Amino acid sequence: SEGTSCYIYHGVYGICKAKCAEDMKAMAGMGVCEGDLCCYKTPW
């Protein structure tokens, strides 16, 4: 599932990774990520 696109909320998408970069936020428990984290940046 590494590299899969994950949807956070309207207009914000992330990418599934085992570990997120320090400048990115992490959302755990997303089905599409199959146990990985969804790493994303907010646009504001």
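Using the three backbone atoms N, Cα and C, a Cβ is placed for every residue, glycine included.
Feature annotation from Swiss-Prot assigns disulfide bond to CYS6-CYS38 (among others); the stated evidence is similarity to another entry. The Cβ neighbour count for CYS6 (disulfide bond), using a 10 Å radius and every protein chain shown, is 21.
Marked as region 'Inhibitory motif' by Swiss-Prot on the basis of similarity to another entry: 7-10. Using a Cβ-Cβ cut-off under 8 Å and counting only residues 6 or more beyond its ends in the same chain, the region 'Inhibitory motif' (7-10) has close neighbours at 27, 38, 40.
If you look up Swiss-Prot, you'll see CYS16-CYS33 (among others) marked as disulfide bond. The Cβ neighbour count for CYS33 (disulfide bond), using a 10 Å radius over every protein chain in view, is 22. In the three-state DSSP scheme, CYS33 (disulfide bond) falls into the helix class.
Less than 8 angstroms from the CB of CYS20 (disulfide bond) sit ALA26, LEU37, CYS39, each of them six or more residues away in the same chain. Among the features that Swiss-Prot reports, disulfide bond is placed at CYS20-CYS39 (among others).
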Cβ neighbour count (within 10 Å, all chains shown) around CYS39 (disulfide bond): 20
Integer Cα-Cα distance in angstrom, CYS16 (disulfide bond) to CYS6 (disulfide bond): 7
Cα-to-Cα gap, CYS33 (disulfide bond) vs CYS6 (disulfide bond), nearest whole Å: 7
Among CYS16, CYS38, the one of these disulfide-bonded residues whose Cβ has the fewest neighbouring Cβ atoms within 10 Å: CYS16
